[in-house]
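The structure appears below as structure tokens.
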Amino acid sequence: MSNNGNPTPNTLEGGSHQAAPAPSRPYWIGIGLMVIGAVWLVNAYGLPQGARYAAVGPGLFVTISGAALLVLGAVLVLQIWRGESFQPQDAEDAVADAKMDKRAFLTALVAVAVPVATMGPLGMPFTATLSFVLVANAFGSRRWWLDLICGAILACASWFLFSQLGLQLGRFFPPLGF
Amino acid sequence: MDTLGLLLQGFGVALQPVNLMWALVGSVLGTAIGILPGIGPALTIALLLPVTTALAPTSAFIMFAGILYGAMYGGSTTSILLNTPGEAGSMMTALEGNKMARAGRGAAALATAAIGSFVAGTFATLALTFAAPFVAELAFYFKPTDYFAITALAFCSVAVVMGASRTRGFISLFLGIAIGVIGIDAMTGQPRLTFGNMQLLRGIALTVVLVSLFAVGEILYVASRYRSVPGVMAPVKGKLWMTREDFARSWKPWLRGTAIGFPMGALPGSGSEIPTMLSYTLERKLSKHPEQFGKGAIEGVAGPEATNNAAAAGILVPLLTLGLPTSATAAVLLAAFQNYGLQPGPFLFTSNPALIWGLIASLYVGNVMLLVLNLPLVGIWVQLLRIPRPQLYAGILVFAMIGVWGLAGSWVDLAIMFVVGLAGYVMRVYDFPIAPVLIGLILGPMAENQLRTALAAGQGNPMVLVSTPLSAILLTIAVLLLALPIFLKRLRAHA
């Protein structure tokens, strides 16, 4: 078991205040939403807003969603500036107000990113096994060889089963051509 | 043919051995996922969507319905024994149920939850049986403008009711709508927001977004704040059956819970959190033993549990009769219908009665199966909690990536899984509601289609949107939903 579930607040960041569950002023979320809204609006500009018979063309909903995200992003920035609080959600197996375990988070993130690069060239069973080992490690398992065996069995069995069901999961291990 | 005749025909379908087997598979899977953390009914059905290529639609929907109902049964077990409600609807059950378990009355708490779920599930299915054909009949007269008004109302209520603030609710909703416009426009064939990528022409599938938000987002979030010390499980103690007094104190909350849960489940946005809270508050007010609330009152388990299950049946009314999903699970069920090229709505009742009535009949059958599975076998189910968390979450990611990769074998989908999964993590950390994204994604294109059809019929005159009494009323309610809280706030400030 890992020691990352320690409930004692670690106040390395946060100064003299009580350990905050999340940065108190996440302006970047509002700005990010405004950027998404702007991208959608720019794209909508190139689309017809009206159509010959219908009054509404394919651009209208793109415009509406872009404008809404732009405005809502700005409203969120304003709310954050006025001191809006953000409380992490409750989840089973998680302590909402615990400090973020960056190593565990990044390991799990790598496990999610790995398939983008390896799924095509190395196949689904290999990729799934690798991700399995990484996630188990992120959750504190240190018996990597056991995770490797468990992951490989699960990945191979599900590749076989789902392929039988008619799902196109690609070849078993493409580098060897089968 | 009258409703009873159609229902009997439905039982003829549901009781076929192959369909009974799928109902059992669904009930077992549903109970298991209700107990296991990290996965809910919406995600499970989304991961099982590929089976639609191999299964007949009736069998698939009978299995999905078993999962929907089973998850509600299973969720109560962890709430009572571990004090960890897997989903919002089980929060109230945990409040009293876990106190009962700690006081050595765990068996009675599990029994009132299971029997309450059965009673509510059965009565709510009965209500569904008679309400659904009636609503479907009405829906025949609905025009595109009415459908647009219904979706607009659904948007407003989902965004206003779900989540910590209206701003965050609307942000989630519009993110969903923004994702929904990606791909080829169905009416004009024009590519939208594809950024020159051929694979984005077909749009972003609901399964990819759902799996990424629910499974990947959850894995990243729990990993970053993992409680490696497991919760303390209360042993299943006490007589396995309820006492006469327990029954006397439970049956009214079961019925009241059904009456609250069913209609509220049918409304967009109310989910299971609000009705269960309402039921809990009502039971505390009506109880002859209000002093026991907070210390293990059986009414506080019986009422919310019944409400929870009745709400699960309630979501099927707008889904089957109007094709309108009011929760994340309903959105995935709609996607499953679309996989078969079927569109839920009034026409499905006439074009495919065997499917609709077989599905409704299977809900009765599934409820009986679930009672048998949950009441005497609860000791076996809790063994599932022994699965080590590292391997459990790793397994969830494996199934998530199979679900995404299996859709089209495209690395673009996997890249979207990464980005949307990361967004799911951020949404959990900063408390943005997740369900409105899915509602926006699935209802956005529907609203757009109805709006454009309505305006085309009205030759571009926007007044056509309020040209029928129903559309005018629904749009007025939608505006009121938005404006009323602001108005009340101002009124209070002036008072």
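Just so it is clear, glycine is given a Cβ too, placed from its N, Cα and C backbone atoms.
What TrEMBL records for this protein:
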type	residues	note
TRANSMEM	B:20-49	transmembrane segment
DOMAIN	B:20-438	domain 'DUF112'
TRANSMEM	B:61-82	transmembrane segment
TRANSMEM	B:107-135	transmembrane segment
TRANSMEM	B:147-164	transmembrane segment
TRANSMEM	B:170-188	transmembrane segment
TRANSMEM	B:200-223	transmembrane segment
TRANSMEM	B:315-342	transmembrane segment
TRANSMEM	B:354-373	transmembrane segment
TRANSMEM	B:393-422	transmembrane segment
TRANSMEM	B:429-447	transmembrane segment
TRANSMEM	B:467-488	transmembrane segment
- Query: Between the transmembrane segment (B:147-164) and the transmembrane segment (B:315-342), do 3 or more CB pairs sit under 8 angstroms, pairs being 6 or more residues apart?
  - Reply: yes
- Note on the structure: Maximum Cβ pairs under 8 Å to the transmembrane segment (B:354-373) among B:61-82, B:170-188, B:200-223, B:393-422, B:429-447 is reached by B:61-82
- Message: Short question: most Cβ pairs under 8 Å with the transmembrane segment (B:170-188), which of B:61-82, B:393-422, B:429-447?
- Response: B:429-447
- Check the domain 'DUF112' (B:20-438) for me and report the mean pLDDT. 89
